[in-house]
Amino acid sequence: MAEGIDRKMDDRMEFTTSADVTVAPTFQDMHLKENLLRGIYAYGYESPSAVQSRAIVQICKGRDTIAQAQSGTGKTATFSISMLQVIDTAVRETQALVLSPTRELATQIQSVVMALGDYMNVQCHACIGGTNVGEDIRKLDYGQHIVSGTPGRVADMIRRRNLRTRHIKMLVLDEADELLNRGFREQIYDVYRYLPPATQVVVVSATLPYDVLDMTTKFMTDPVRILVKRDELTLEGLKQYFIAVEKEEWKFDTLCDLYDTLTITQAVIFCNTRRKVDWLTDKMREANFTVSSMHGEMPQKERDSIMQDFRQGNSRVLISTDVWARGIDVQQVSLVINYDLPVNRENYIHRIGRSGRFGRKGVAINFVTSEDVRILRDIELYYSTQIDEMPMNVADLLT
């Protein structure tokens, strides 16, 4: 179900956009299929967000597109609506492919596509690592209009010839900065080599560093650009604070002191390593605090079950690595704690964008040791923002 997109954020966005991009003020103005419009309204959208009103028409025209907008502004629906518009459901072949950096994000995209395409009889499969290969093969052999997946498993299914590529007309790279970072770069190229030469490429992300934009020239043709200025990228409406903890060992006591505040709604605590997540989870539980945890090396079934519990509000505090930072939408999260500041400053916006989704109040708290001060200053400079020391009444900011 779509919640209201933050229109205040829309109004403050400055789009550095290709000159020929027009704005479609309503979904009707986009000339979408009738059954797709029904799905959009049933999902809870009334009018398009800033990025949707600019990007959907361009993507539906078949243009290669680079779309950048902040977390919580409807980016997933932007490309989901576009894919649903261009596929032909009478042809039971894969026609659109979305690649995401995490399994959770790939699964979430599948559920958004299925919800928006509810009246279209669309088939969409999440093709992700850590799941049964036989099930993937069965689903793909049955025929899927859209596949949302992680690069490794998708490349594997293409090589096995279970994912047939000859009808693919659109490739979407979601959270493209993370995908194109070293880890996935080769796998992306691997997938791209198997696609028809005329495949349209859509690149979507909250952050697009210059080297990523530069790299897209290798597989995009005259792309239309829909961009927010980088210095506009700090997340409006989110309050950001730091707590000076001086030494690493003092962080744990500080977190325990904050626990009552954390459980006002729901909170996510980020650590930089899997080992740290496990250590902190054990330590919190030993001190009789209720927490759940998730990282990339857990079996997929366990990750799914933890995510479901957290989405339903059964668990209120989740400790995680950056696997959770990208695009996972849980409406009730109002507080993010960076137990460790992110190693990659571009992940900062993805982490704190988990709180205050769609214009709700959100607070981000950064634990800063004396060694972290330089990293914090670097983040402030990069996002042209100011992060103040946390006030005593932080609980009041969440209610």
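Keep in mind that glycine also has a Cβ here, set from the backbone N, Cα and C atoms.
According to DSSP, A69 (ATP binding site) is assigned to coil rather than to any helix or strand. Annotation comment: Swiss-Prot describes A69, Q70, S71, G72, T73, G74, K75, T76 as ATP binding site, evidence class sequence analysis.
Per-residue pLDDT, averaged over the domain 'Helicase ATP-binding' (56-226), rounds to 91. Residues or ranges marked as domain 'Helicase ATP-binding' in Swiss-Prot (evidence: sequence analysis): 56-226.
The domain 'Helicase C-terminal' feature in Swiss-Prot is assigned to 237-398; the stated evidence is sequence analysis.
The motif 'Q motif' annotation in Swiss-Prot covers 25-53.
Residues annotated as motif 'DEAD box' in Swiss-Prot: 174-177.
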